[in-house]
Amino acid sequence: MEILKIKGGRPLRGTVHISGAKNSAVALIPATLLADTPTVVENLPDIRDVHIYRELLERLGAKVRQDGSVMEVDTLNLTNVPLVNGNVKQLRASYYLMGALLGRFKEAVIGMPGGCNLGPRPIDQHLKGFEALGATVSYEQGAVRLAAERLVGCRIYLDVVSVGATINIMLAASRAEGQTVIENAAKEPEIIDVATILNAMGAKIKGAGTDVIRIYGMNALSGCRHPIIPDRIEAGTYMIAAAATKGDVTIDNVIPKHLEPISAKLREMGVTVEEKEDSLRVVGVDAIRPVDIKTLPYPGFPTDLQQPATALLTAADGTSIVTDNIYSSRFKHVDELRRMGAQIKVEGRSAVIEGATPLQGARVKATDLRAGAALVVAGLMAEGITEVTGVEHIDRGYEHLERKLNLLGAETWRIEERARSFLHQK
Ligand SMILES: CC(=O)N[C@H]1[C@@H](OP(=O)(O)OP(=O)(O)OC[C@H]2O[C@@H](n3ccc(=O)[nH]c3=O)[C@H](O)[C@@H]2O)O[C@H](CO)[C@@H](O)[C@@H]1O
Ligand SMILES: C=C(OP(=O)(O)O)C(=O)O
């Protein structure tokens with residue numbers, strides 16, 4: 001078992017380069033399956049979700065060549081094998097194989113997705129979209145079977161604003177006959193990234209980034225070259241870590257507009273955020289002010305930064321309330337933060353944080369990706385050494401985390417620990 005160790009108390013200083021966005025990468029990789037000729041995706045992050053997706057494509061017979069952050073996918077020998085168990089269960093975004101394979105083959109059998117356990121994460125809106133396009137949905141041994149004679153463009157109103165459903169319907173509809181309209185669509189930057197690659201392949205998608213998206217499907221799509229947008233959640237995590245350590249960090253290779261909700265909240269706390277064309281400088285202050293945060297779909301404050309923000313607010317002088325309007329039980333980090341000295345109560349879908357409480361290093365468990373990010377932020381703030389277990393969750397979404405943090409002056413390292421029960425037996 002791997003453990004991430006952090007010696008806290010050092011201000012982060014310097015420049016950190018942000019990688020390609022995880023949530024774009026895991027949609028763009030399956031999007032390549034829709035093209036009949038090779039597609040090249042650039043600026044891929046070196047993270048576990050991307051490694052797993054590469055294996056999934058190879059199981060489908062795609063030829064994948066990778067040189068660092070550049071991946072070429074050739075679908076010449078693609079076969080539509082059912083993917084029911086194994087890797088599909090290890091990430092959330094395996095659900096995009098449903099839309100991509102349905103679009104390409106008019107049929108798909110895909111196991112129910114995994115990913116972070118944040119409470120119930122249904123995919124009813126994805127399936128409603130596929131049905132509206134003409135697919136029948138059935139279930140077999142923990143997998144969803146989708147099958148259609150033809151996919152025909154239609155109007156779909158999403159009952160909840162869903163990133164995954166919006167992208168999944170775009171994938172399938174880009175190979176449907178005629179026009180599909182998605183109403184109440186999600187507006188996240190990753191959706192625009194997917195529309196951009198599909199348009200470069202020959203589809204015609206209009207309105208991505210607004211709540212009405214029109215997709216004019218094509219009989220065939222061809223390969224293209226596409227660079228992934230920067231990861232706004234990775235960037236936001238470093239912004240929070242800079243503020244949490246009272247540091248001075250330039251977050252490079254970002255689209256500042258994507259980070260406005262985080263910049264605004266940090267400024268409300270008294271932190272300085274300077275904006276340049278493709279970078280942000282965050283300068284911490286000795287005492288931050290308490291704030292309330294409510295997560296919302298983009299352009300609201302992202303749920304994926306709620307957990308790291310909670311760790312930061314333990315240093316605020318007063319009471320802060322963080323409410324997650326997207327996931328009702330995304331609070332598994334709270335118990336672990338308490339072990340480090342935080343005073344936080346969970347009330348319904350809110351965390352009430354009483355600050356300022358100094359944090360002490362402890363052994364804590366990352367139960368999901370951003371819980372892990374929250375514990376890393378807490379570890380950087382804490383006195384002494386923090387040991388974070390469950391590192392595999394963090395590796396799903398942060399490229400070279402220790403290397404990037406240590407370049408900023410942190411002291412973090414990873415150790416391999418033999419299972420405790422085994423040690424006790426000896
Ligand atoms: C791989 C990926 O991109 N993951 C992101 C994506 O997840 P994901 O695509 O799973 O999240 P959604 O945007 O779909 O979920 C938003 C809300 O809608 C609900 N819902 C969703 C679909 C559905 O069919 N029915 C339904 O009720 C969910 O339970 C949740 O409460 O967006 C989330 C919200 O920004 C982020 O936290 C995740 O990092
Ligand atoms: C919830 C997240 O990821 P996923 O949807 O892949 O589980 C996340 O990136 O914070």
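Using the three backbone atoms N, Cα and C, a Cβ is placed for every residue, glycine included.
Annotation comment: TrEMBL describes C116 as active site, proton donor. The feature phosphoenolpyruvate binding site is assigned by TrEMBL to K22, N23. Marked as UDP-N-acetyl-alpha-D-glucosamine binding site by TrEMBL: R92, R121, P122, I123, D124, Q125, D304, I326. Among the features that TrEMBL reports, domain 'Enolpyruvate transferase' is placed at 7-405. If you look up TrEMBL, you'll see C116 marked as 2-(S-cysteinyl)pyruvic acid O-phosphothioketal.
Projection of TrEMBL feature records onto the structure.
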{"residue": "K22", "record": "phosphoenolpyruvate binding site", "contacts (Cβ under 8 Å, 6+ apart)": "P45, I47, D49, V50, D231, I233, E234, R396, G397"}
{"residue": "N23", "record": "phosphoenolpyruvate binding site", "contacts (Cβ under 8 Å, 6+ apart)": "A93, V163, E188, E190, D231, I233"}
{"residue": "R92", "record": "UDP-N-acetyl-alpha-D-glucosamine binding site", "contacts (Cβ under 8 Å, 6+ apart)": "V26, P113, G114, G115, C116, R121, G164"}
{"residue": "I123", "record": "UDP-N-acetyl-alpha-D-glucosamine binding site", "contacts (Cβ under 8 Å, 6+ apart)": "Y95, M112, P113, V144, G164, A165"}
{"residue": "D124", "record": "UDP-N-acetyl-alpha-D-glucosamine binding site", "contacts (Cβ under 8 Å, 6+ apart)": "none"}
{"residue": "Q125", "record": "UDP-N-acetyl-alpha-D-glucosamine binding site", "contacts (Cβ under 8 Å, 6+ apart)": "L158, D159, V160, S162, A165"}
{"residue": "D304", "record": "UDP-N-acetyl-alpha-D-glucosamine binding site", "contacts (Cβ under 8 Å, 6+ apart)": "I233, G236, R370"}
{"residue": "I326", "record": "UDP-N-acetyl-alpha-D-glucosamine binding site", "contacts (Cβ under 8 Å, 6+ apart)": "T295, L296, P297, T303"}
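Least packed by the Cβ count within 10 Å, out of the recorded positions C116, R121, P122, is P122. Proximity to ligand 2 (Cβ under 6 Å from any of its atoms) holds for none of the binding-site residues R121, I123, Q125. The average pLDDT computed over the domain 'Enolpyruvate transferase' (7-405) stands at 97.
Taken in sequence order, the recorded positions C116, I123, D124, Q125 that lie near ligand 1, meaning a CB under 6 Å from one of its atoms, are I123, D124, Q125. Among the record's UDP-N-acetyl-alpha-D-glucosamine binders, R92, R121, P122, I123, D124, Q125, D304, I326, no two C-alpha atoms are more than 21 Å apart, and one pair sits at exactly that spread.
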